[in-house]
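Inspection log for the structure reproduced underneath, given as structure tokens.
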Amino acid sequence: MKFVDEVSIFVKAGDGGNGMMSFRREKFIEKGGPNGGDGGDGGSVYLEADENLNTLVDYRYTRRFEAQRGEKGGSNDCTGAKGDDLILPVPVGTTVIDSGTQEIIGDLVRPGQRLLVAQGGWHGLGNTRFKSSTNRAPRQTTPGKPGEARDLKLELKVLADVGLLGLPNAGKSTFIRAVSAAKPKVADYPFTTLVPNLGVVSVGRYKSFVVADIPGLIEGAAEGAGLGIRFLKHLARTRLLLHLVDMAPLDGGDPAGAAETILRELEKFSPALTERERWLVLNKADQLLDEEREERLRAVLERLDWQGPVYVISALEREGTEALCQDIMHYLDERARRIAEEPEYAEALAELDRHIEDEARTRLQALDDQRALRRAGLKSADALEDEDDFDDEDDGDGPEIFYVR
């Protein structure tokens, strides 16, 4: 099934049913009085997290959804039937955003969680409601209120404990195959991974964590180059980042330079994301001699001025992967314990999560705006400003032109 992680839809709640104007008419009862009933409320629109879904592809081609309107009231004080609510299933991890205001309406992070996105219209009143001591035969009713309508943007972020970062062909997919039952495609050419992959890593009998593998980043990714920039948002909810570096690149490149490239692009995309706990993992160590391995390890650490945890592994040979997974599980357990026992630590992590979400959304929205301008044949404000500055410099060199009416 095609992986779609971002869609725009329109939702419309049902209108309320109109009130009824009716009078009681029975044999031997001349003036029965009003008996018009109220209309029914319109149906509302809900989004519900479904753990069996992993993509928003169902909303790629069908984008308009309307709930049922309420029925009008009946005679004999009968109330109209309420419109049926419309429940739209979405994957767990979906963020709902109002397209008009860019306000986050809610996050669906638990299976079965529901979110009201459009409230049904209020019912109209029948003429019975307007009966009084001075108006015994009212001919007044009210129509039902229109249901709420909204343009929504749905963003899916996969829910994973650990996220993998790295250039194409750094061995991220091989790593996830080595430590879990996931089988993403692996090949010796760049951009083999086109969509995020998830793998569940079992540590012992009762413990496990989820790893997310996204397409590799390249130089200029923060400006929209390559595939990985669109999927970096999936790392926003991870608890730990593993920065994989190829120690023996096929093109003979510099591993330290490759690591610096990832850090630069990460900083451009979201400075807050660089503050997430990040471990350095040097992969493909089996392709190097011991002396060369130590030399390249030292070069990477010196170039990055790295102070955090470092692991040298071979995902293909499963060398060093078990110890790495054990340490990851220990870190996640310790992190959960601190969140439960230290309110300040929990609040700091929550604030960091909010910063990452905001920066990722702002960056991706800017890229979308630039893409829309290019398609329309227009230029961004910065480009136009640069052109204006260039023209101002040239104004003094050319002939002075007077426009005469």
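Note: Cβ is positioned from N, Cα and C throughout, glycine not excepted.
So that you can see what the record holds, here are the features copied from Swiss-Prot:
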DOMAIN    1-159  domain 'Obg'
REGION    127-148  region 'Disordered'
COMPBIAS  129-143  compositional bias 'Polar residues'
DOMAIN    160-333  domain 'OBG-type G'
BINDING   166-173, 191-195, 213-216, 283-286, 314-316  GTP binding site
BINDING   SER173, THR193  Mg(2+) binding site
COMPBIAS  383-398  compositional bias 'Acidic residues'
REGION    383-405  region 'Disordered'
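Shown on the structure are the features that Swiss-Prot records.
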residue: GLY166; record: GTP binding site; Cβ neighbours (10 Å): 25
residue: ASN169; record: GTP binding site; Cβ neighbours (10 Å): 22
residue: LYS172; record: GTP binding site; Cβ neighbours (10 Å): 31
residue: SER173; record: Mg(2+) binding site; Cβ neighbours (10 Å): 24
residue: PRO215; record: GTP binding site; Cβ neighbours (10 Å): 24
residue: LYS284; record: GTP binding site; Cβ neighbours (10 Å): 25
residue: SER314; record: GTP binding site; Cβ neighbours (10 Å): 21
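DSSP assigns SER314 (GTP binding site) to a strand segment in the three-state reduction. Between PRO215 (GTP binding site) and SER173 (Mg(2+) binding site), the C-alpha separation comes to 9 Å.
In three-state terms derived from DSSP, PRO215 (GTP binding site) belongs to neither a helical nor a strand segment and is classed as coil. The DSSP secondary structure for SER173 (Mg(2+) binding site) is helix.
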